[in-house]
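To start, the structure itself, in structure tokens.
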């Protein structure tokens, strides 16, 4: 990695494995593949069409299977799991961290799940159950239960001896968790504090008490916010009585942030978060058809509005030429407002206290830009069609549509959030329905009123 | 935090500070405010209209100023810095980590920057210069230079004594960095390895050698990928000769991931990453006007295409009613393909070896959905207007437009990337230009050919 960017490295490996697969020396492909990190293998698999993917998946050392599955998006993971037999699946789940296992377990077929649980030792089973009690996207669902705890009243020296006796620590252990005798969370003991302080000190004297435990019910998004704000590497998860349940590590938080980001980008286009770019044609078509169908319905609504003014268009066909401009500018301006407000809501920057301010500002911005571009469009329309009236009508319609776009751009996410619908996904469709309908209706309506009567 | 979700907590604080500001007891507002974490203060400030924001900013304890500024988006940060005098700014930069300082320094006015550099001790200045040598979005720009290094041939016992003597470790130190006598990077020594192994072992015996150093030129995105794939908390940054330059910690990587996500969501709507939702009306209007202007140009292009067929529309006004459906469905289908391919490129899943596969798949999906919805639209059009010919024409135009949408949805991001233009920002506008123009042209063109001649 010191001499090649990892991106190029994967492309190279991809190409080489492809070549080797074609020339038939499986042994070499296997060696090349299993020298990679499981995350890199996962990435390779995600970059391959299904046929090649299955071939390569066969070559992966079974001992990496679990880790590789974890690093795959839901879609690809599901398709590979379907091709594995119970034996292989059970083997893949061994050796995984409990929080990761909890992630995977939900994708396993029922029979395999039962087998896996049966084969598990009691402690591991109890831990898994503790995690599965909570929704996947909550602090409880993200936590791992293999915490290393210490009591507040012992000396650092005792802790040091205990650790040496214990041997290996769980991954990403940057702190030990301090609890009282009822297992209630008291604070954190950073490993660095163990190393730099006099061993005669007690844990209570050097532990950090300013990092609160995270309630198991907290949403994944809240957890991410706490980690980001406080620059944490790990944090304790507690129940309602303050009892320690487990710990969350930054690598899981990074996954949450990445998924959230994917969700908003993909959701806006009506795609699922983990959409496999190499999904089978039929599956992709079926999924996308739904989104197209919804959009078709709104398009027909807009067409219906235009249909009301057929008579007007017949008399002055320039209207048909200009009308999409009014609709599309409303959509563009509205989606800027919508994007800003949806992000503001997600970051919790938008609240009751400042809503009126945001409404006023967005409408003012819409009005200003409405006036500016109304003027430009009017001038072009007048030059193009030599008709002052049409210029005035399109200017009025544009100003109206941009003001409405600002209002609905702020209003839609607020209403959707009230209804518990994700505004990042549904917001865009609803917005353009408004701006199309109002754009066409105002332009053609004003034309009907003013063009032939005045 | 144990009993209230942090989101609610900030809203509450926001409301309470608002109330207190109005009732006039500044002392209480100040106390409430400065009890918060700097990241929470930053969040509060970002959730306030400018007037209130300045008032509250005055109340923040100057010793937190630097940390708070760091947690703010570029826009808000810039506006607050403009209101500070040189003295306050210099004070704010003291005590910041060098990598954070490097971030902030680029926003400081020239005079303040000079003063700040003048007041800095030599070692800190050298470190700052080392970071500023590299672009902000590269491994070098992200790194901090206060590394704790050890030599491979010493015993753990020596390291333990050294650390106790040294006292405090830099934030997020989960590993020490092992170098040879020429300061070349050799590997990492996790703190946990120090704690669990026999102190008689040498560093070389227990250090981790499987984590490569990250080249200073690596892009921030590559850094994030390495951290995500390997679940790292910190990593070493090296120059071309393998010499240790500094280290990157996970908190900076989390910021990179968050910014990348913001960039793709905001960029799609033509907004800047850090757009302040409470920005002044004139500033917002001016910025958004550019995007609206670009879109207006493409809308006129589409209008121009419609204009070519004025005669046809005049003869059959139903065409004006139905034509937006063809254009809009192409845009929706195309943006699904575009989103998928842009993400595939960002994740480096799309490469030469599989491009043909992706093209074929997307065109097949487009064709299938084109046929499905062409049928539906044709039936509705026939029922609506009682005209079989129009049904056939719209079906043909839709199939054509959805196939083209798939082609350009894959092609545009590839071309833009070649041209070094961010496909996440420019892709959508270019795509809808294509789908609008081809949608209108195919529908109206086919109508002109078939409706009155056959």
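Cβ from N, Cα, C; glycine included.
Database features (TrEMBL):
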type: DOMAIN; residues: B:207-265; note: domain 'CBS'
type: TRANSMEM; residues: B:289-309; note: transmembrane segment
type: TRANSMEM; residues: B:321-342; note: transmembrane segment
type: TRANSMEM; residues: B:363-386; note: transmembrane segment
type: TRANSMEM; residues: B:392-416; note: transmembrane segment
type: TRANSMEM; residues: B:428-452; note: transmembrane segment
Same chain, outside the transmembrane segment (B:289-309) by at least 6, Cβ under 8 Å from its Cβ: which residues? 269-271, 319, 323, 327, 429, 432-433, 436-437, 440-441, 444-445, 447-448
Using a Cβ-Cβ cut-off of under 8 Å, list the residues of the same chain that are 6+ residues beyond the ends of the transmembrane segment (B:363-386) and lie near it. 318, 322, 325, 329, 333, 337, 392, 394-396, 398-403, 405-407
Determine how many residues of the domain 'CBS' (B:207-265) DSSP places in helix, in strand and in coil. 27 helix, 16 strand, 16 coil
Model confidence over the domain 'CBS' (B:207-265), averaged pLDDT: 91
